[in-house]
Amino acid sequence: MHVLFIIDPLPLLKAYKDSSVAMMQALQARGHTLSVALQGDLYIDAGEVRTRFAPIALRDGADLHGHDWWRETGAADEAPLARFDAVVMRKDPPFDMEYVYSTHLLEYAQQQGARVFNSGAAIRNHPEKLAITEFPDLTTPTLVTRDMGRIRAFHAAQGDVIVKPLDGMGGTGIFRLQRSEPNLNAILETLTDNGTRTIMAQRYIPEIVKGDKRILLIGGEPVPYSLARIPLAGETRGNLAAGGRGVAQPLSERDLHLARTVADRLAGRGLLLVGLDVIGDYITEVNVTSPTCFVEITEQTGFNVPEMFAVALESAAG
């Protein structure tokens, strides 16, 4: 297959721990050809969704801590997305309007015969924090609103809540509001921009001290290990970007129940790769843009997550 990755600039990637790089390694090892494009390389001309792209190969045995781990194998070119055997969307958030426009282009490309993973429409229709509201039985009590009075009432009823923006990533903008929080109003005014920006409030889950878990679903099947992201002492955010420590562990029975309950439904919508964030017994986020943790799970357990992805992509692309 000729696989196109829509991705951030390669020199900016931390290749030694980047899941997209791990995917590329697995695909190249299985004999597939790789190309890369940036989000800004996508365009429509005369109704056809096209892209500028660069064909690349990963260097065998390269030091992934440096910048010399890949090479261009030909001149940059342009082509319709439908010409590739598979298009893998791996552009990191933020999920801003440019990202939304990109999902539209990917959706149009699919209508023209392109095989895109994850599907453009599916990415757009599953905002990572809002998507959990489809599964209320699997989540902690959750409120989505910009009404500060409603949030205060929710806080009073629950006693201990987490509030966060809907478009944040890496743990940014997340606050824990305990019952006696003296800065409640100031925090809500800031997060909601004085009632003009919708946010999410969730009942605090004490098990966060043991870490939140990233459970990966690939082709409708759960990876048998999660990555528990243990917060720093005094932190309520387990995100690796916020200083959390990643520890791989086998899925529990509850983890498997959560994963299997949502896996088929999400896979059937064109979501080849999904990352569930789980705290205790509850799903807290459904990540569909650029799920990670491939490398950490593989290195700590020996289970080859990138290989599982490559096999699933081959099957899905037909």
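Any Cβ shown, glycine's included, is placed from N, Cα and C.
Note that the structure is a prediction, hence the values are computed from the model and not measured.
As written in Swiss-Prot, here are the features:
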DOMAIN    129-314  domain 'ATP-grasp'
BINDING   155-211  ATP binding site
BINDING   E285, N287  Mg(2+) binding site
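Here the features listed in Swiss-Prot are placed on the structure.
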{"residue": "H155", "record": "ATP binding site", "DSSP class": "helix"}
{"residue": "V163", "record": "ATP binding site", "DSSP class": "strand"}
{"residue": "G171", "record": "ATP binding site", "DSSP class": "coil"}
{"residue": "R179", "record": "ATP binding site", "DSSP class": "coil"}
{"residue": "I187", "record": "ATP binding site", "DSSP class": "helix"}
{"residue": "G195", "record": "ATP binding site", "DSSP class": "coil"}
{"residue": "R203", "record": "ATP binding site", "DSSP class": "strand"}
{"residue": "G211", "record": "ATP binding site", "DSSP class": "coil"}
{"residue": "E285", "record": "Mg(2+) binding site", "DSSP class": "strand"}
*asked:* At 10 angstroms around each C-beta, which of the binding-site residues H155, R179, R203 has the fewest other C-beta atoms nearby?
replied: R179
_Whole-number Å value for how far N287 (Mg(2+) binding site) lies from R203 (ATP binding site) (Cα to Cα)_ = 20
*At the Cα level, what's the spacing in Å between V163 (ATP binding site) and E285 (Mg(2+) binding site), rounded?*
13
_Integer average pLDDT (0 to 100) for the domain 'ATP-grasp' (129-314)_ = 93
_G211 (ATP binding site) CB neighbourhood, other CB atoms within 10 A_ = 21
*Which of V163, I187 (the binding-site residues) has the most other Cβ atoms within 10 Å?*
V163
_For the binding-site residues G171, G195, the one whose C-beta sees the most other C-beta atoms within 10 angstroms_ = G171
*Just the number: how many Å between the Cα atoms of N287 (Mg(2+) binding site) and G195 (ATP binding site)?*
26
*asked:* For the C-alpha pair, I'd like the distance in angstrom between I187 (ATP binding site) and E285 (Mg(2+) binding site), rounded off.
replied: 22
*With every protein chain in view, how many other Cβ atoms are within 10 Å of the Cβ of E285 (Mg(2+) binding site)?*
21
*Please report how many Å separate the Cα atom of G195 (ATP binding site) from that of E285 (Mg(2+) binding site), as a whole number.*
23
*What is the Cβ neighbour count of N287 (Mg(2+) binding site) at a 10 Å cut-off, with all protein chains included?*
21
